[in-house]
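Report on one structure; see the data block that follows.
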Amino acid sequence: MSTVISLPKVNGEYRKNFKLSHLTWFKVGGISQVFYKPKDEHDLSYFLANLQSNIKITVLGAGSNLLIRDNGIDGVTIKLGRSFNEINFVKNNHYNIISVGAGTLNYDVAKFCLQHNLGGLEFLVGIPGTIGGGIAMNAGAYGQEFKDVVYSVEALDRSGNKHIFLSKDLNFEYRQCIVNGFLIFTKTNLICYNDSKPSISQKLQKIQTVRKLTQPINQKTAGSAFRNTNNYKAWQLIDKVGLRGHSIGGAQVSNLHCNFLINNGNATASDIENLGELIRKKVFDHTGITLEWEIKIVGKKSL
């Protein structure tokens, strides 16, 4: 049974029993007991400071690397709104730095950099999602990760207190950053450098072309399903056990890139999770290697 939630009075927006499937790239998942979109950072800080401490909080980015279970999410689900989407220049004596709200799409940052002749962040065009989500999982592609470009990060803790972390404080590792306690990233400073528009444009086009040729970007998917291992790419292990194209219900292993799971139109979240767990079992049984989910799975498990 879900805990009764007493909600603080805020300037943002609450929705109860809010359907979440349309907020994820898989287009599956149940409802959130409470959905909250804060008006701004002050509103979010007040909310955190005054919410019952026993209430579970889940933070959504763009839903591009997320699987929400069919039974939905207890507690409060938070999605950062437009006030967390700003991009500004920051004066620094040593680096070219831009300040980016955590709710900003990675694609929009890459586009901003092109417009302002800033290089070094082109890889973001190949990573669906938001800046905050990218920091949380140290997302990466095409030879770069967030740890390579993050100068500092601002975050709120569970009590609404603000903290500033330098990149070294975030303990970035492959597909994760390790920090103590609950944090919601609100803003980051990213390092870039001066470059010409043609040079930046060429890099962006190359990344986008590779994505179109190698990934099922026009289907309902959530990006790489599993983390690569020390010695193998995840797709190599999935191919090795013969699961390319395999289906459970409406969920399928992509024929184009078998580390991508796709919703063929009528999949449930359970179909997708069960397919992923079948992959993990088959790979372990045949190779002794345990694949770790890269997709974040949230929500209540079915009984």
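Cβ coordinates come from backbone N, Cα and C, glycine included.
All protein chains considered, the CB of R175 (active site) has 18 other CB atoms within 10 Å. The active site annotation in Swiss-Prot covers R175 (among others) and rests on sequence analysis.
The active site, proton donor annotation in Swiss-Prot covers S224. DSSP assigns S224 (active site, proton donor) to a strand segment in the three-state reduction. Summarising the environment of S224 (active site, proton donor), the number of other Cβ atoms within 10 Å of its Cβ, over all protein chains shown, is 22.
Around E294 (active site), a 10 Å sphere centred on its CB holds 20 further CB atoms from the protein chains shown. DSSP assigns E294 (active site) to coil in the three-state reduction, outside any helix or strand. Annotation source Swiss-Prot lists active site at E294 (among others), citing sequence analysis.
The feature domain 'FAD-binding PCMH-type' is assigned by Swiss-Prot to 27-217, with sequence analysis given as support.
Reported as a whole number, the C-alpha separation between S224 (active site, proton donor) and R175 (active site) equals 11 Å.
Across the structure, R175 (active site) and E294 (active site) are spaced 8 Å apart at their Cα atoms. Model confidence over the domain 'FAD-binding PCMH-type' (27-217) is summarised by a mean pLDDT of 96.
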